[in-house]
Amino acid sequence: MIKYEIPKSRPNEFSKVLPLVEQILNQVKERGDKALLELEEKYDKAKLDSLVENRIDELASKIPEEYKAAIDRIYDQLVEFHKTTLPYMVGGGYNGIEFGILWRAIEKVGIYVPGGLKSYPSTLLMAAIPARVAGVSEIYVATPPNRIDSVIAYIAKKLKINALYRIGGAQAIAALAYGTESVKKVDKIVGPGNIFVQASKFLVSKDVAIDGIEGPTELVVIADSSADYRHVILDMRAQAEHGSTSYIILVTTSDFLIDKVREELDKEEFTYYIVKVKSIDEAIDVANDIAPEHLSLFVNDPKSYLHKIKNAGAISLGKTPPALIDYAAGPDHILPTNAWSRVRGGLTVYDFLKPISYANSVNPDKELVNMAKLIAEYEGFIYHSKSIGARYE
């Protein structure tokens, strides 16, 4: 079904499940492992003897060679991307004061890997690799127990995951946020998930850092007459695979492309939107206003338009399919949705690093010192002024 009018807001209905999720969080906080075992039996239909996966080596040894080779190759690609984004130590000096920033990794990180019809090893790679490259010392992973297979185990072993927990849903987020007898309390939780996972991340965010609250998948395709309509259609279908609430928009200057897309996609069950524009500059204005998760620049000379993009989670240039970013290009597939790309980007090493600033007053300018004292006194902080003055008078 096609729609020409873009909705002003995107679907985000996790508020409906907040009361239930809050009950789950409270159960885990109050009763720890016992609550987790009961909740796993209730929601994941898993009667567990242990919340910790103890068969990682055994399972990892059973990975088929073709998947092992694929994981190894993708691992190298993702590591290379994230290594190129590591910050340099920043330092300088002015008015007799040395100053700078030290980058330090978060100590303990929890990763949620969702379950569904299949396991999602790509999400484990996308979340754990930037954490390891950033220098995180302890990484703990939670995923539904029926989704721990040889591929997940192989990645966990390769990335030296400290523990793999057999827990799904809101109860997994609660366990990572507050800790239990078996589950380590972490400093930050990252990873995608369903409406219950997102609601739980929202609720625990007052107690533990999170990467963000993510909604359904989003794709904006900007295309001109040079775009291969078959590839455009495939990209739109690919993102629609994430579910019926996927938010998919074609913004184009081409009537031919509109006709071809409609001819194919009007048969589909998912909803999509088309915006006809007069120029690619106008299309970019539309995309910047939407601030999508994925943005595809399917135009002639796409790099020449990059400087005009202000809001997007990840950008696919030319023939590059967004699906390649989802798996192996290098950038992360854990991306902001629901217009959050206005203020933040996809998962990077910076999500696992914190800047610590320092100053060393070697021979500070006397006038600067006196001005600091003056402002301290103006604000009513007399001992701030005295503390400064005692050093330099």
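Cβ coordinates are placed from backbone N, Cα and C, and glycine is handled just like the others.
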Need one residue: from D187, D326, D332, the one Swiss-Prot lists with T217, Q239, H242, H294, E379, H384 for substrate.
D326
Taking 8 Å from the centroid of the Cβ atoms of Y112, Q171, N194 as the cut-off, which other residues in that chain fall inside it around the NAD(+) site?
P114, A142, P144, I167, G168, G169, A170, A172, I173, G193, F196, V197, S200
Per-residue Cβ crowding (10 Å cut-off), top of binding-site residues Q171, N194, T217, Q239
Q171
Among the NAD(+)-binding set Y112, Q171, N194, as the record gives it, the longest Cα-Cα distance in Å:
13
Pop the Cα-Cα gap between D326 (substrate binding site) and Y112 (NAD(+) binding site) into the table, whole Å please.
17
